[in-house]
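S.K.: This is the structure I have questions about; it appears just below.
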Amino acid sequence: MDFLQRLARFLDRPLFPWKKLIIGFSVGQFVFEAFLGIRQYRVLQKTKPPAVLQHEVSQEVFDKSQAYGRAKAKFALFNGLYGQIQNFAFYHFDILPKLWSWSGNLLLRFASARFSGEISQSVVFILSFIAIHTIVSLPSNIYQTFVLEEKFGFNKQTPKLFVTDMIKSQLLALVLTPPILSGFLAIIKKTGNQFFYYLWAFGAFLQVFMITIYPIAILPLFNKLSPLEEGKLKNDVEDLAKKLKFPLHELHVIDGSKRSAHSNAYFFGLPWKKHIVIYDTLIEKSETEEVTAVLAHELGHWSLGHTTKLFGISQAHFFYIFALFSVFVNNNSLYADFGFHKEHPIIVGFLLFSDILGPADNVIKFLMNILSRRFEFQADAFANNLGYNAELASSLIKLQIQNLSTMDADWMFASYHFSHPILSERLKALDWKATKKVEVKEKVEQKKEDVATTTGRDEL
């Protein structure tokens, strides 16, 4: 505690160039990631697939995969540059203090006197900030969805659904932001220098609460969950859950195909009551045994304690963030360098602190990717030990083909960006030997090649 206070006094130096430091961090990250992107782009110019995939991947599929990878790499570079321009403009033209002042004037004009304090103004400020970010991000989101993804057969969204999703997201922010942000700020204001202990407890409670209400109140706004039909797949999954003593409550199918051809399978819920969700695209594109193998991998994460460990790590990370924020929350020089000479809004301080924390967060991201890849190997081995070696390998290869996923990767790019090992590494770890060509199921009526992809923690 004394160390944090001493550090706070040391960093609160008049005329310290915080703005230049934050912009420098942002530019440095962009240059580094652009450097990694260039390294990966060279890999994406190869004309032959890796040896381990030469029997499963046709030259046509490989060429499409490489073309898709290059298109994404170009878009990432452009989008990163666009983000840099946004950040620079935001800071150069002092948008933050202007937006804060506008939020206060809006409350004075339209709200009663009891809503004139910092907490109410912070809520209006953040909602306005979210709206601005949505608007400035709209061109790149439209291009990614309706040009890039459409070109390679990924996009299933209609313009109407795209707009509807955006409106729902904004309304959701309008409902959730006021109570959450108000609690966040009230804790800091009322608990003094030790606010980070209480803030950490609040964050942990909020995580558990969101896990509970998400499938009930939020998910149905965007997707429909239906019970998995009776049949071999349901019987096999229920038998697998029973064998592993997984507290399965319900099996659902989600209509992921309404937006894209992406595939996934995941579980959610409290420790004693779990739900398994399977994307309809995964069922359509895979054999029953392969879907079961995917779920064996996912349940491996649960059985090996990966989800619990990651939850614990996230709690430690939150505590580290909140404790370090206590060093900056009253930093006069930080606020002053961004145009806040008389007022020191806590929420503005947290936004600026988040930018300062950028380099450290990138290191944490790198370390978490290392841990995540290790967990993926362990979950693969778990499914392998259950007897799903061939089925898991087959499903991995199918997803690779359906994805037009990158067949190979630069080691530096993969280490920094990938939370999952590349396919060749996973097949090698499974000691997989090709015996026949893997066939991908296709719908007869389908005109475009479906693309299945998986991202995030619930990825295969």
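All residue numbers here begin at 1 and follow the chain in the order shown.
Glycine too: its Cβ is placed from the backbone N, Cα and C atoms.
Automatic prediction, not curation, is the source of TrEMBL annotations.
Computed from a predicted structure; not experimentally measured.
What TrEMBL records for this protein is below:
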- 20-38: transmembrane segment (TRANSMEM)
- 40-224: domain 'CAAX prenyl protease 1 N-terminal' (DOMAIN)
- 123-146: transmembrane segment (TRANSMEM)
- 166-188: transmembrane segment (TRANSMEM)
- 195-217: transmembrane segment (TRANSMEM)
- 227-431: domain 'Peptidase M48' (DOMAIN)
- His297, His301, Glu376: Zn(2+) binding site (BINDING)
- Glu298: active site (ACT_SITE)
- Asp380: active site, proton donor (ACT_SITE)
S.K.: The transmembrane segment (123-146): which same-chain residues, six or more beyond its ends, come within Cβ distance under 8 Å?
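M.R.: Contacts with the transmembrane segment (123-146): 75, 78-79, 82, 86, 99-100, 102-103, 106-107, 155, 157, 159, 162, 166, 169-170, 173-174, 177-178, 181-182, 345, 347-348.
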S.K.: For His301 (Zn(2+) binding site) and the residue listed as 'active site, proton donor', what Cα-Cα distance in Å is obtained after rounding to a whole number?
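M.R.: Roughly 9 Å, rounded to the nearest whole number.
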S.K.: Looking only at residues six or more beyond either end of the transmembrane segment (166-188), which have a C-beta under 8 A from one in the stretch?
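M.R.: Those are 118-119, 122-123, 126-127, 130-131, 134, 195, 198-199, 202, 206, 218, 221-222, 329, 346-347, in sequence order.
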S.K.: In whole Å, note down how far the CA of Glu298 (active site) lies from the CA of Glu376 (Zn(2+) binding site).
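M.R.: Between the Cα atoms of Glu376 (Zn(2+) binding site) and Glu298 (active site), the distance comes to 9 Å.
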S.K.: Radius 10 Å, atoms counted are CB only; among the binding-site residues His297, His301, which position scores highest?
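M.R.: The residue with the densest Cβ neighbourhood is His297.
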S.K.: Fewest other C-beta atoms within 10 angstroms of its own C-beta: which of the recorded positions Glu298, Glu376, Asp380 fits that?
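M.R.: Sparsest of the recorded positions Glu298, Glu376, Asp380 by Cβ contacts within 10 Å: Glu376.
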S.K.: Between His297 (Zn(2+) binding site) and the residue listed as 'active site, proton donor', what is the CA-CA distance rounded to a whole number of Å?
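M.R.: Just about 6 Å between their Cα atoms.
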